[in-house]
Amino acid sequence: MEILCKSYHLCPAICNYACMYQNFQGPDNPTRTKSVQVGVGDETAEVDKNVDISLSSASMKKGGYRACMFVFGLASLENIGFVANMSTMVLYFSYVLYFSLSTSANTLTNFMGSVCLLSLIGGFISDTYINRLYTCLIFGSMEVVALVMVTIQAYSKNLHPDPCGKSSCVEGGKALFLYTSMFLLALGAGGVKGALPALGGDQLYWNGIDGGKALASYFNWYLLSTILGGIIGVTGVVWVNMNKSWYWGFFIGTMTALLGFIVLAIGKPFYRFPPHGNSPLLKIAQVIVVSIRNRHLTPPVSPDELYEISEKERDPSEEKIPHTDQFRFLDKAAILCDGTNADPWKVCTVTQVEEVKVLTRMLPILFSTIIMNTCMAQLQTFSVQQGYFMDPYIGSFKFPTASIPVIPLFFMSFLIPSYQFVFVPFARKITGHPTGITQLQRVGVGLVLSIISMSIAGLIEVKRRNRSIEDPLHPISLFWLSFQYGIFGIADMFTVVGLLEFFYKEAPLGMRSLSTSFTWLSLSFGYFLSTIFVNIINSVTRRIAPSKQGWLHGKNLNSNKLNLFYWFLAVLSCLNLANYVFWASWYKYKIKDSEFKTEAKSTNGQN
């Protein structure tokens, strides 16, 4: 195709799209028939009979940043209500549903953990059964229904419990209504998070065609879109929640989410969708089962002796991955014994084995970021409750306590463009890397900043508690919290984008949604770990403290030791950073078959 284009001097855009079209036609596709030889001068090109070289202008317009704009629209609009709810829900649980301090924090972190954990479902479905757009719209409808239920409960006094002095006062039908809406909201929002980032990535990184620069920029702009929506949420919507009524705030979040999904659906004519392959979980299971079955076999010395299929036989949802030396035990799955048929449950291809190796190499990176997300959970729970005991006034204006996250979001809205247009070009000149620094280096910067944030959070809490005890009528300003929020916001900017790009780019072609969901899986484990830490810390300190009260007991922060909990997380984060550096140094980035061949040719040329 490329030779034909050069010979006839065709439009480069048409040629690029035609090559891409040719690469992604499956063997059973009626438009891909026998190829014919077309001679032009001294060169011969192989052309599909039914591939229309001219291609329609409508097809040529698919993908690119125009398609991504609809993704950015949903990311921003949906995040207006989501971030507002995340910022205020702990207060809603405490002062409307009458949960205790620790129960409110744990309920919110369990909810957020469920949202992120359920993103795996959205990622799996969009990789295997339906495209990412339909996945977002189906789960989005669940999210909108759940937001309607939350609004109804906030509006109806009959669905509010009476104060009871227990850790939770919600019982019976009220509890059923609450937890049904929370589960449906977690499932809907999680499913959308599992598919949406990869939907946008597909528009710019179709089988690696546009390289890493466009993909890295996309995830920066994706994060900026969520931040802009978050700024509106933690200012406007939170102000409505705190000063007007809770149900009005939830109603606004419902309407903006609904509008966002309409915007995403309108963009359907502009999207391009990768072909679906076999179930990623099925392929992983096949490699594990066959490697165990062949555990007594010895892998060949040369990887060329392992089983692999030709490009003509390869599924269009797969990209060939060259053999690597890590996890040699899994290579036993690619040994084809004499007299054995090439059945998927008897032998796996090298590419299939390498896909499992890629996912296995990702796991230590995933687990090394959990502690940071546990730290982030504190900013959405205990730090919000800290603000409730601080001076919220700027002159005569009362700043909503739950709106304090707008400070880091505001800074990040300027830092992300600065990072993209200033830092990346500067770093690229020094490192030679297309994105300035690697994805794992970016994550490492975020982990360091999270340690600093937790250390400062402990100092601020000491200052807040001392002032509240010495002079309760004149508490310190709410804006002291901006230090811990601001530093952690920058940390989040580095880490989230780094992880999204890392998991998307390193993942096998047919597992990109599922792999991108690993970012949210790390968040999920972080939130659940926060709940575990709170319970364990309370249980242990209740036994050893002279007062026989836990660090995080009751509703009165002034009698708690929240600062010690922050410092505990800071120390734990330092240990985790050392663990992360080890695994990041050990990790080997995926090499595509085309890059492997180019590298091999240059090596042979030097020899």
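Going from the start of the chain as shown, residues are counted 1 onward.
Quick reminder: no glycine exception, Cβ is built from N, Cα and C everywhere.
The annotation transmembrane segment is assigned in TrEMBL to 69-95, 107-126, 133-156, 176-199, 219-240, 246-266, 362-382, 402-422, 443-462, 482-504, 516-537, 564-587.
Within its own chain, the transmembrane segment (362-382) is flanked in space by residues 86-87, 90, 104-105, 108-109, 112, 405, 440, 443, 446-447, 450, 453-454, 457, 484-485, 488, 491-492, 495, 499, 502-503, 506, 515, 518, 521-523, 525-527, 529-530, 533, 552, 557, 562, 565-566, 569, 572-573, 576, 579-580, 583-584, 586-587, which lie at least six positions past its ends and keep a Cβ under 8 Å from the stretch. Touching of the transmembrane segment (443-462) and the transmembrane segment (107-126) is ruled out by the presence of fewer than three CB pairs under 8 A, sequence neighbours closer than 6 excluded. Spatially, the transmembrane segment (516-537) is not adjacent to the transmembrane segment (219-240); fewer than three Cβ-Cβ distances between them are under 8 Å for residues at least 6 apart in sequence. It is 219-240 that, among the stretches 107-126, 219-240, 564-587, forms the most Cβ pairs under 8 Å with the transmembrane segment (402-422). Beyond its flanks by at least six residues, the transmembrane segment (564-587) meets 361, 364-365, 368-372, 374-375, 378, 382, 440-441, 443-444, 447-448, 450-451, 454-455, 457-458, 461, 533-534, 537, 551-552 of its own chain at Cβ-Cβ distances under 8 Å.
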